[in-house]
Amino acid sequence: IGSQRHGNAGCDLPAAVDIQPACLGLYCGRTVLSVNGSVETYGDCGVCPRGQRTDDNKICRECMGSPDRYDWLYLGFMAMLPLVLHWFFIEWYSGKKSSSALLQHITALFECSVAAIVTLLVSDPVGSLHIRSCKVKKLSDWYTMLYNPSPDYITTVHCTHEAVYPLYTIVFIYYAFCLVLMMLLRPLLVKKIACGLGKSDRFKSIYAALYFFPILTVLQAVGGGLLYYAFPYIILVLSLVTLAVYMSASEVESFKDLLVRKKRLVVLFSHWLLHAYGIISISKLDKLEQDLPLLALVPAPALFYLLTAKYTEPSRILSEGGNGH
């Protein structure tokens, strides 16, 4: 049975008369069936339609806001994950003799960029690069399926919906477009230009993507809310670790070693961009006069590594240890 909220009918009546029973559950709400002037007719308590979430009065309302800066940074992080993995596996399987790595890198960047633009265009409002969204209030907003109420401890009222619309599902849509574009473009490109690789090796970077896309999908499905709050720190930690591993594997011990190959400088600048992205995500640049100077810390890990690498070389440590005895 629908219920109504009426305006004033007399001096002795309250401003609003609510004759509906209590709507249980943290995310259960009543949809607005019709609006006649100041009178709204509500449906039964249940799940809100997609693109809506409950307000303080347990009424399902349209998500009419826009993503804030932190939301866009989160979406940017989720968009970067497949691109970085593409680049890593392309470099890993290209080999030193292959001259096709650069074109594959550019193709991967093109695929992810087009997928991101198309994802924004098909999102509501359709045809615009802007999207409407609901504000993320707390971690539980990402996991509404865990808060379905059971009034009689037997029957469960299912109120699972996307309370963080569209931050949860838009990532899946983006990954789907990335996968489709990769399958359309990359095999033809690799078949034509990957002459430096054997027939069994030239498609390995594509096979790797067929593995990591399902992994990224599960990661978003299970840990989307955790990633939303932790991604700035994940970026900083991973970029620091991968930079140290790369420099160690490449035997970079001085500034001169960096200048020997342009590829090393490209990798270094890429890590610096990731450092800057992580710092911006943490600070959100709310106060520019305080947050912008933090970007001066971006080169600090690389400089520290270069200044201390000669003192931590394993062969030197072993030789000095042997001389000590």
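The backbone N, Cα and C atoms fix where each Cβ goes, glycine too.
These features come from TrEMBL:
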TRANSMEM  72-90  transmembrane segment
TRANSMEM  102-122  transmembrane segment
TRANSMEM  165-185  transmembrane segment
TRANSMEM  206-227  transmembrane segment
TRANSMEM  233-252  transmembrane segment
TRANSMEM  264-280  transmembrane segment
TRANSMEM  292-309  transmembrane segment
The transmembrane segment (233-252) versus listed stretches 165-185, 206-227, 264-280, 292-309: most Cβ pairs under 8 Å: 264-280
Distal contacts, the transmembrane segment (292-309) - CB-CB under 8 A, six or more residues away: 240, 243-244, 247, 252-255, 258, 268, 271-272, 275-276, 279-280, 283, 285
Cβ-Cβ under 8 Å with the transmembrane segment (264-280): same-chain residues at least 6 beyond its ends: 73, 76-77, 232-233, 235-236, 238-240, 242-243, 246, 250, 252, 257-258, 291, 294-295, 297-299, 301-302
